[in-house]
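Features as listed in Swiss-Prot:
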type: ACT_SITE; residues: K179; note: active site, proton acceptor
type: ACT_SITE; residues: H297; note: active site, proton acceptor
type: BINDING; residues: N127, T177, K181, R298, H330, S382; note: substrate binding site
type: BINDING; residues: K205, D207, E208; note: Mg(2+) binding site
type: MOD_RES; residues: K205; note: N6-carboxylysine
type: SITE; residues: K337; note: site 'Transition state stabilizer'
Amino acid sequence: MAQSVQERTRLKNKRYESGVIPYAKMGYWDPNYVVKDTDILALFRVTPQPGVDPIEASAAVAGESSTATWTVIWCDLLTACDVYRAKAYRVDQVPNSPDQYFAYIAYDLDLFEEGSIANLTASIIGNVFGFKALAALRLEDMRIPIGYLKTFQGPATGVVVERERLNMFGKPFLGATVKPKLGLSSKNYGRVVYEGLKGGLNFLKDDENINSQPFMRWRERFLYVMEGVNRASAATGEIKGSYLNVTAATMEEMYNRAACAKEVGSIIIMIDLVIGYTAIQSMAIWARENNMILHLHRAGNSTYARQKNHGINFRVICKWMRMAGVDHIHAGTVVGKLEGDPIIVKGFYNTLLLPKLDVNLPQGLFFEMDWASLRKTVPVASGGIHAGQMHLLLKYLGDDVVLQFGGGTLGHPDGIQAGATANRVALEAIVLARNEGRDYVNEGPQILKEAARTCGPLQTSLDLWKDISFNFTSTDTADFVETPTANV
């Protein structure tokens, strides 16, 4: 016999409580939840408002970043809400921070559109960061399952392919950013590129805010830059390049500029992080289809990545960008002018380069994660570095990195070409010493001094910048308790 409307409503009311119910009670907190291999996992640093229970705050993050709204709704009965609710399954107090908590949250894979960074982030960071019950919130780490990773293309080239193109193995790539950032004419800009490449660099690059300003329109820049690249390649017999920034106001214009870069012979283009995740993925697809290397400048990242209690940790950006398919990304120098704790920066580099991540709490890596054969993204070290730091750069950053000396090349008293030569000789000397088995880290200053005996430009660099360092306390360091078994 068919049930009446009144009877059906009575049964629904019996199994469904209306009104405002605590998130933890609604199912967004489940300490017994068994994490599935297919779950997307997120670790948040939660700072509840005074008087807010940390478990309820963590459940609220899970709810507001998945299926919840501020009150119970009837439509939940029309979905598999028990499946689609994100589950906060573990809450730990942050060591030495009594008002902060690490909240581990699991998301069912079906909550996310395949191959879309925009959709992934719309849930994970879309609305919850403005939640009033939280004083602050930071996304510290994520685990992306293999099934979801396989819906992304990843980098088109990666380290191995780029080395094969340049015929350069066993040492870092060497480059420089054209300075000043703004104001040069196209012809002078091209001359800077030529001088740097002629002096021994592999690449030069545009800076993040060089697009198409009145003093230098993009098409003229591209033509003069490629003239410099071709002349330097012919003079040195080496494969050279320059990162041409195609960032623009619209996707149509970026495609237009990228096509022009390819037409004039460039092997690499550049974009800025500020263009957004969808635009980044779109340009990555274009670069793959057109056999171009894609360099990403992380312009704007410190607005949300630097502060320890609120925003997004840069290691998460590294994961998203490797998924999106960029071939290069700026990832810190340790010794330069920009933010970068040595151990945390190592975690960034490992995230970009390793085929599989293990838990490493000092580096801020909270999850194991297999990269499902996605190619590596090459880290770029840029900002306040010079030849006298070469041994430290090799120690901290290894071989698979692009070392970008902007002021450390163009600020040389004897000219741009001399600055480039100084950096090239310094790099070759330190790499040779390492390969010969010398203690290149502790002997680094002596090794550079020996090399400078036969290289005047290097001696000038060492004399000029010998006292320059940026020794400031990092604002972002790892939070963990050292134990014999819990840390790597």
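Even glycines carry a Cβ here, placed using N, Cα and C.
The Cα atom of N127 (substrate binding site) lies nearest to that of E208, taking the recorded positions K179, K205, D207, E208 as the candidates. The Mg(2+) site is set by K205, D207, E208; from the centre of their CB atoms, other residues of the chain with a CB within 8 Å are T177, V178, K181, D206, N209, I210, Y243, N245, M270, H297. Taking the Cα of E208 (Mg(2+) binding site) as the reference point, the closest of the recorded positions K179, K181, S382 is K181. For the pair K181 (substrate binding site) and K205 (Mg(2+) binding site), the Cα-Cα distance reads 11 Å. Counting other C-beta atoms within 10 Å of each candidate's C-beta, the recorded positions K181, K205, H297, R298, H330 are led by K205. Summarising the environment of T177 (substrate binding site), the number of other Cβ atoms within 10 Å of its Cβ, over all protein chains shown, is 25. In the three-state DSSP scheme, N127 (substrate binding site) is classed as coil. Among the recorded positions K179, D207, H297, the ones whose Cα sits within 10 Å of the Cα of H330 (substrate binding site) are H297. Summarising the substrate site geometry, the residues cited as binding it (N127, T177, K181, R298, H330, S382) extend over a maximum Cα to Cα distance of 37 Å.
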